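As written in TrEMBL, here are the features:
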type	residues	note
DOMAIN	33-231	domain 'Neurotransmitter-gated ion-channel ligand-binding'
TRANSMEM	232-255	transmembrane segment
DOMAIN	239-327	domain 'Neurotransmitter-gated ion-channel transmembrane'
TRANSMEM	267-285	transmembrane segment
TRANSMEM	297-320	transmembrane segment
REGION	363-391	region 'Disordered'
COMPBIAS	378-391	compositional bias 'Basic and acidic residues'
TRANSMEM	414-431	transmembrane segment
Amino acid sequence: KRISVELVRIDYKLKKQDSTKTLLIKTEQLLRIEEHDFAMRPGFGGAAIPVGIDVQVESIDSISEVNMDFTMTLYLRHYWKDERLAFPSHNNQSRTFDSRLVKKIWVPDVFFAHSKRSFIHDTTMENIMLRVYPDGNILYSVRVTVTSLCSMDFSSFPLDTQNCSLELESYAYNENDLMLYWKNGNDSLRTDEIVLSQFFIEHFHPSSGLAFYSSTGWYNRLLINFILRRHIFFFMLQTYFPTMLMVVLSWVSFWIDRRAVPARVSLGMTTVLTMSTIITGVSSSMPQVSYVKAVDIYLWTSFLFVFLSVIEYAAVNYCTTLEEMRKMRRGKLPSTFNASQAMAFDGCFHDNDMELTPFPRAAQGLASEPPPTPSPQRDPRPSEGTRLRRQRSVRENVDLLVSNSYMIDSYSRLAFPLSYLLFNTIYWSLYS
């Protein structure tokens, strides 16, 4: 008997210490869930119920220029009061529950406007917390990841700054039934330390507004705004520096002998194809927009410089051919002349460096002719009234250029670098 009495006492003490035993009131009974219709909002038929929002941004997982969207993980907290859930408490302590009780009561139907995908994390359980205070105040917190649209402007890409926002509003309740507001004003939005690979986050700030739908009316909308500034160093290494090197490499042909056709043509075609590859690589990683981007201006202008260097050699080669044909007609150039050996130290072909020996026929004809009678020499000094020089016509300038085709290379060595330097100065001053 004595032993059995002691066992009963021990069992009673254990039951008293365990607050989950059925001896105490169940949660549903304490909160009187069965007594109310929680399909209706609190204060139905009266004024709009205020719902405060508090957000803590955990991370920005990705930003896609091709899809024009971003993915963000955040803690979304709701604050409201439902007097139907008030319960008596001697020590004024709140009670915390998980997602199993959330399905039995009314909660705000906040959704993300313009979102593409979103989900609540469920490892190892659904990341949902419900905290009920004795006076009926409620804290409802969820951990959610959302992919939302961000309308980006790439006219200054990759020297651009993007403004993105995540928008929250009630789906079913308009402003007459539910009023969304930031719980603590500007302090309602908090962020962890976020580091992105291609962007620097300049500013996070909350804002609010109204959204109108023609069939249902006005809705309160809360916005999480953030400004993204792109890191330029990645694109300097991947796009700008290789492009600059290809343009400079195309200028090397100006110092190669104009008779070296294979060397100059192969160099020109290599730089053109490399520029085409760079342009294709940049375009494949960008959305197909209908306007010109800053990187397009730089790449296509650089491509034009490379292309013009190839055209420059085509002009040099054509002028050189015309020059040789004229000299062959005049008998100044022997048929056995090896042009590849007549090179100046600067890599260009000069007529003054050639030993112009006359043809044999021309030599005999000159020997049989009597020496010409010397004409009276004219005073080389012009009179004071005749010092004006006659301007050359366009045809004479073209003939002069054809007769001295090496001058095209000489001018190009200076004109191309100065023009490209001027372009870079204007480009970086406009977009930086």
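In case you wondered, yes, glycine gets a Cβ from its N, Cα and C as well.
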Discussion item. So if I exclude everything within five residues of the ends of the transmembrane segment (414-431), which remaining residues of that chain have a CB under 8 angstroms from its CBs? That is, six or more out.
Written reply: 156, 159, 247, 251, 254, 294, 297-298, 301-302, 305, 308-309
Practice prompt. On the DSSP side of things, how many residues of the domain 'Neurotransmitter-gated ion-channel transmembrane' (239-327) fall into helix, strand and coil, could you say?
Written response: 75 helix, 0 strand, 14 coil
Worksheet item: Mean pLDDT for the domain 'Neurotransmitter-gated ion-channel ligand-binding' (33-231), as a whole number?
Response: 92
